[in-house]
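To start, the structure itself, in structure tokens.
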Amino acid sequence: MSSSGVEQGVAVAESEPPRGNRSRFAFACAILASMTSIILGYDIGVMSGAAIFIKDDLKLSDVQLEILMGILNIYSLVGSGAAGRTSDWIGRRYTIVLAGAFFFCGALLMGFATNYPFIMVGRFVAGIGVGYAMMIAPVYTAEVAPASSRGFLSSFPEIFINIGILLGYVSNYFFAKLPEHIGWRFMLGIGAVPSVFLALGVLAMPESPRWLVLQGRLGDAFKVLDRISNTKEEAISRLEDIKRAAGIPEDMTDDLLATVAVGVVKTLFILVGTCVVDRFGRRALLLTSMGGMFVSLTALGTSLTVIDRNPGQTLKWAIGLSVTTVMTFVAAFSIGAGPVTWVYCSEIFPVRLRAQGASLGVMLNRLMSGIIGMTFLSLSKGLTIGGAFLLFAGVAFAAWVFFFTFLPETRGIPLEEMETLFGSYSANKKKNVSRKGKEVVDEQ
């Protein structure tokens, strides 16, 4: 949110009529999130009754049975340990969905188990789901709840654990009347049902505003805060507090407008690059593109480093430079490296290797995109965010040198004559065959 946007929001807040108690929405979100704790409670309750039938049906020893009953808590360490990084990556809401998915699969595996190792696999999968659920429910609730009722709402998971235990007891009572080899399977398998309702309930839940701010989605964060705050003024105040805690400058442009601007710039320059690639050539566009990317990334990394080293100060020139260089980077990428990469990959290979070569190019492109996406946060924490962009600037410079040194111009050259620029595959193959034949003759 920009400062002007905050002022406009305050003005609207002063003129709008009271909107009622919006904490009811936060209350509903806390209930839905805390329902994930039901799965732990249900497992505790249902295993107390199902254990007897499992022991008799699968012919388990006392040691095997006690391990089976208690191992879920050990397995849950895997889920709770991974839940923090997962929720930072995909968001709190989808982590809840993931917890439900794990327990759903685990419950089905346990219900269909035919032997001890099989049911232990189900316990492992369900345990991961329990670990995820126990971590994410209080975190999501705390981040959604207003400060005045955070303690009350954050205690809900414990309430739902006990509700789950009660449901487990009820399940034992009803399914115990079935034959021994079927009853315990229903007791465990029916635990998949709460997971389905949980996944459906998540559709009505907003994402955590704290996570949205950390992702730079300030507009989406404000929409959520507006729904759980009693007034727009309160929502604006809470957003500014979150931004301040996250280290985001208060004068930063709202991400919705910035995203639209980036999209417009990207689209326009891709169209420009597409239209002029046959006029100015591949090599010229690639060198111009990589040069512009290098300059933009260098300026962006420098400005972000200055901002990072001056906490508490609003350096408008550095913020403005950061926004500008993001735009210039997108423009430089879109006019050359974006569209020309696919043109080059599709035309430089000989006919027999063209499909394989283009396929390899796509694979490497997606692989590098995935690596950058999965390591950027770690890089920004290890090198600072400015250092991460300076590292990318170094990569862009190395790419410029490589393109300048090795890449020939392919504009206007027929595909069948492309081998003359890079070497003839067929000629090299014949040369290798004749060389091997000559070696055989010499040996004879």
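Note: Cβ is positioned from N, Cα and C throughout, glycine not excepted.
Quick look at what TrEMBL lists:
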TRANSMEM  25-53  transmembrane segment
DOMAIN    29-411  domain 'Major facilitator superfamily (MFS) profile'
TRANSMEM  94-113  transmembrane segment
TRANSMEM  120-140  transmembrane segment
TRANSMEM  152-174  transmembrane segment
TRANSMEM  186-205  transmembrane segment
TRANSMEM  256-277  transmembrane segment
TRANSMEM  284-307  transmembrane segment
TRANSMEM  319-345  transmembrane segment
TRANSMEM  357-379  transmembrane segment
TRANSMEM  385-407  transmembrane segment
Look over the recorded stretches 25-53, 186-205, 319-345, 385-407 and say which has the most C-beta pairs under 8 A to the transmembrane segment (94-113). 186-205
Whole-number mean pLDDT, the domain 'Major facilitator superfamily (MFS) profile' (29-411), equals 81
Dominant neighbour of the transmembrane segment (120-140) in 25-53, 186-205, 284-307, 385-407, by Cβ pairs under 8 Å: 25-53
Sequence-remote partners of the transmembrane segment (25-53) [C-beta within less than 8 Å, at least six residues beyond its ends]: 65, 68-69, 72, 76, 96, 99-100, 103, 126, 129-130, 132-134, 136-137, 140-141, 144-146, 149, 153-154, 156-169, 171-173, 176, 180, 183-184, 187-188, 191, 194-195, 197-198, 201-202, 204-206, 227-228
